[in-house]
Amino acid sequence: MPEAADAVKPEGEGEAPAEEAHQSQEITGLFLQHPETTVAVTGTDIVFTAKVDSTTLSRKPTIKWLKGKWLDLGSKAGKHMQFKETFDRATKIYTWDMKIIKVVPGDAGAYRCEVTSKDKCDSSAFDISVEAVNVEEEHDIMAAFKRTDAGEDEGSLDFSALLKATKKKKKPVVDEEKADVWEILKNAQPSEYEKIAFEYGITDLRGLLKRLKKMKTVEPKHSDAFLKRMESAYSVDKGKKIVLEVEVVDPNAQVKWLKNGQEIKSSAKYIIESVGNIRTLTINRCSLADDAAYECVIGEEKSFTEVFVKEPPVTITKLLDDYHVVVGERVEFEVEVSVEGAHVNWMFEDQELSRDSHKYRFKKDGMKHMLIIQEASLDDIGMYWCFTNGGRTKGELDVEEKELEVLQNIADLTVKAEDQAMFKCEVSDEKVTGKWLKDGVEVLPSSRIKLTHIGRIHRLTIDEVKPEDAGDYTFIPDGYALSLSAKLNFLEIKIDYVPRQDPPKIHLDTTGNMVSKNTIIVVAGNKLRLDVEISGEPPPTVVWAKGDTAITALEGRVRTENRKDLSCFVIEGAEREDEGNYSITVTNPAGEDKANLFVKIVDVPDCPENVKCTSVGEDCATMVWEPPKFDGGVPVTGYLMERKKKGSTRWTKLNFDVFEGVTYEAKRMIEGVLYEMRVYAVNGIGMSQPSLNSKPFMPIAATSEPLGLKVHDVTDTTCTLKWLAPEKIGAGGLDGYVIEYCKEGELPKIRLPRYLRQKYLRRVGDKINLTIPFQGKPRPKVQWYKDGEELDVRVASIRNSEVDSILFIRSAERSHSGKYELVLQIENMEARAILEIRIVETPGPPEVVKVTDVWGFNAALEWKPPKDDGNCEITGYTIQKADKKTNEWFTIYDHNRRTNCTASDLIMGNEYMFRVFSENLVGKSEDFCLSKDTAIIPKIGLEYNPPPFKEKDMQSAPKFIQPLLDRSVVAGYSTAISCAVRGFPKPKIRWLRNKIPLDENPRFLMQNNQGVLTLNIRKPSQYDGGKFTCKAINPLGEDVVECTLLVRGMDGGKGGGGRVGVEYRDGEMD
C-alpha cells in the first residue's frame, strides 16, 4: 500500500492552476473557516460551520446559503433546515451554522456559502453526499462498540474521526514500512479486533468494521482499460498529502474521478493530472472530510479504493489528583490533554459516567477537562478514571461524614396567656434541616405556629399562647441521631379589675420661649404650636378659650388638636390680633384643673415718618425724620438710610451699622445732582418697610470770586469798572454781583483754594507745598498759627509775597497734622482762613482675634479695632484662613466693615487658623493679628438613604401603529412604501416580497428612522409587483403587516401593456 505523501512537496510539484485558486478550501478572502464537503447517512443530522473575522470590515457581514446556482436556502428554514448566527465580541468573529436534520437523499448536491460586507464578498463551495443505511443487521456483531458520544454523527458513514493511529518514530538505521491497519484488520480474526483497535488508537471500531464488511474480496481479473489499478485502501495522516495513481491502456483515454459517487472537479485541493498512461489524483492537506471511497472511471470500468484519515493520539499532560473532603463539599477533578477540544471518557470504578446525569457536571475549557461533583456524599467514595485514545489517569476520592455540633440548645420557657413563645436552637451546619415534635407528635405550621430556618438557626414561634400549648418540645435534625428538648410552661394569672380615678392635671412647660411665667412671645407670621401634657383617669375633657370665648375649631388658622395625654393649641401665621390672654381647662369626674397663658405678638416696627432735608453743602446734606408710631412690641434699636438719584431705581446704603439718632449727615454726594432719601427702622425682630421718599434736594456750593477787576474809565463823578466772571460758578448758577468800595486802600481778603476748604490729606513722607493767594492794600501783615499757637519755623517754612503766602513742609510727619490758620492784618482790619491738614499712614493690626463658636462647617470670629488707625478712619478688614495641614492662606472676606464675621464652607476633619488685616484710606496694615485658638471641624458620619426607585418596565412586544397601504405605481419610476412600529427592545425588521426575504437585493433599500420603516424600490418593473410583508421581531413577540403593490405599464394599458398583478399562494415561489 503506498504511503501518504509528505506535507511539503518540491517546488513546482502538485501546484494548482492559478485560475482555479478561487475554488480552494483554504482560509482566503473573508472566511476564517469554510464549510467542508461531507458524506452523510440517511436519517442522521449534519452541521456546516462558516466563520468570518470582522475586525477589518466597516459593516456587519451578511451570509447566504445556496443550493446549486440560485436556490436560496433561507426560505427553507424550518424543521428540516435550521440556521444559527453567533458573534464573539472579544475576537469580533461571526459564526454561522447550517444544520440539516435527518438527511434525505434529496439533500445531496453542490452547495455554496456566500458572505458579503459592503464592497467585499467571498464564496465557498462544498458538496453533500448521501448514502443509504446498511440494513444487514444479522452481521452487525460489533454493535457493542458503538460510540456513546457520537451525537449527530452516530451511525454515519462519514469516517472522519475513526482511525487515530499513533505516530511511530522511525528508527535511525532500519527504514521500516508503516503498519497498514486496514490490511491487519482484514487478515485478523474477529477476536483480535479489540486488541488491534487499542494498539493503533482506533476509537470507533464499530464503524470501521462496518466499512470492512462492505468490502468484497474480488479476484483480480483482466481489464481492457486499466494496466494497473489502485490498492483496495489507503491510509494517511491528517494534514498530509496523498496521491492516488492508476495506469491506463489507452494514453488518450479520458478518466473521471469520483468521491462517494460524486465527480471531483480539479481545484487547489484536488489536483487531477494526466501524463502518458499515468492518471493521478492528488489530495492536499487531508482532513476528516476526505475519509471516503474514491473511484477512477473509464467508460464502464472502474478502479475502486478507500482512503482512511488518521488522527494523532490524545495524550494526558496533567494527571488527576486525589481528594479528601467531607460530606456536602464540592469536588472538581481536572485533567489536561495534548489536543484542544479532544474527547475524553470518565468512569467511576468500573462504571462509565453519563453526561445526562444530574449529579455530575462535565466541563471543557480548551485543553482542560473537569468532572464536578457539587455535593459529595458517602456514595461517591472510590476511584475515578479519565480515558483518552492515548492514555488514562486516575484519582481517588475519600469522603468523611461531618459531625453536627450544637452551638445553642433549646431553653425551657414559662409564658403568660396571649404572650409569644419562641424556641431557638443553633447547629454547626446551615444546610441541615429538621422537624419539631410536641409530646412526640410532629408540629405543623399554622397561622399561629411558625417554623423558620435561617442559616444555622432553627426557630419555633407560637403566637398568643394558650393552655393547650404547654408540653415537651423536641427538635430532631434530619440524618443525625440527635435531639434537642425543652419544656413550655403556661402561667395563668388572675387579676381583679378595680376602676381607678385620678383628678386631671395640666403639666405646663414654662421653659423655652417663655419670657416670664405663662407668657409666650411669638413673632408675627410664625406658627405657634403649644403642646400641653395632660394626665387624669378617666381621660379628662379639654377646653381652650381666649378671654371668655371658647375655641372649638378643629381646622383653620386657629385650632385645637387633642390626642391621648396631650392637647395642642395651634396658631398658623400669627397676627397682631391674636395677642391676648388664653386659658386651658381640663375636667373629669375626679376634679378640674386650669392654666392661664398670655400670648404676645411681636413684629417689625412701622416705617419712620416725615423724612426731610434741612440743609445742604457742596457734597453733603443733613436729614431728619420722626420715629415710627408703632415699634412692633420691641424697642427700636436704630435706623438704616438709603439714597438714590432722582429718576433712578438703584438705592445705595449709607450705613451698615444701625444709626441710633434721628438726624444724619449724608456725605460723598455729587454737587448739582438731585437726590432722594428713605429710612428703615430696626428692632430686635427685624427691619421695617422703607419710609416715604424725601423731597428731592440738591447739594450746592457758593461761587468763587470774580477775576481781573480793573478801572476802565474815570470822570469827575463816575468810575467804570471791568472784571471777568468767576472761575467756578457752581451748580447754583450766577445770579449777579455785589460791588463795594471804600476810601483809600483795599480790605484784606484771603482767596483760599477750594481743595483746601476741606481736610487736606497727605501720607507720611510726602512733600507739602501750599500757595494761598490774598489781596489787600497796603500790603497786609501775614501771620501763621497752628492749633491756636504761632507756627514754629522749625515745623514748616513760610514765604510771603505781596499777593500770596506759601506753606512748605519737606517731609510730612504725623506730628504735622492739625489746624493751620492764616491771618492777614491791615491796621485794625483782618482776614482769617483755616485749613486742616491730616498726615495719614497704614493702620496697625487688629487686636485679640478669637474663635467664638464652631458649628457644622462654619466658624464665628471676633476681634477688636487696632490701637493705631493710621490717623484716619478704618474702612474695613481682610480675613484669611489656613488649614494646619498645608499652612496655605486664602482670603475669605475683603473690606469687611464689622469687627466680626462667619467663615463658611470649611472642610470636615480639618483644623483652621485665622488672621485679620485692618484697612484705611491709605491701604492694608503691614502686620496681621493671628487668632489665639483654632477651629476644628469634626467628622460626622453622614449616611444618605436614597428614596426607593422602581424602574419602569418599558419592554413591549412589537406593534405596528401605522400599516402598509396598497400602492399602484408606474413601471420605471422609483417608489417607496412606509409603515411605523414601536416596541422595546428594538425589534429586528425583515422585509419580504411574496414570502421571499429582500435582505440582499440591491434594488430594494430598507430604512429605519426612529421606528418609521421605509422600503425604497428603485425603478420597479412589471414583475416587481406582488404582496410585500414587513415583520418586526423581538424577544417578547412579533407583528406582521402586509400590502399589495401593483405595477402598471408605461403606456397605461394601450397596446396590450396593461397592468400586471401577480398573486402567490403559500409554499409557491416565482
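Just so it is clear, glycine is given a Cβ too, placed from its N, Cα and C backbone atoms.
TrEMBL: automatically predicted annotations, no manual curation.
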Please identify the range among 1-24, 169-192, 217-240, 985-1008 that TrEMBL labels region 'Disordered'.
1-24
With Cβ distances under 8 Å as the criterion, find the stretch in 220-315, 402-474, 607-706 that has the most pairs with the domain 'Fibronectin type-III' (845-940).
607-706
As a test: from 17-129, 220-315, 504-598, 607-706, pick the stretch that has the greatest number of Cβ pairs under 8 Å with the domain 'Ig-like' (748-820).
607-706
What stretch of 17-129, 220-315, 504-598 shows the most Cβ pairs under 8 Å to the domain 'Fibronectin type-III' (607-706)?
504-598
Summarise the domain 'Fibronectin type-III' (607-706) as counts of helix, strand and coil residues per DSSP.
0 helix, 42 strand, 58 coil
Which numbers of helix, strand and coil residues does DSSP report for the domain 'Ig-like' (402-474)?
3 helix, 37 strand, 33 coil
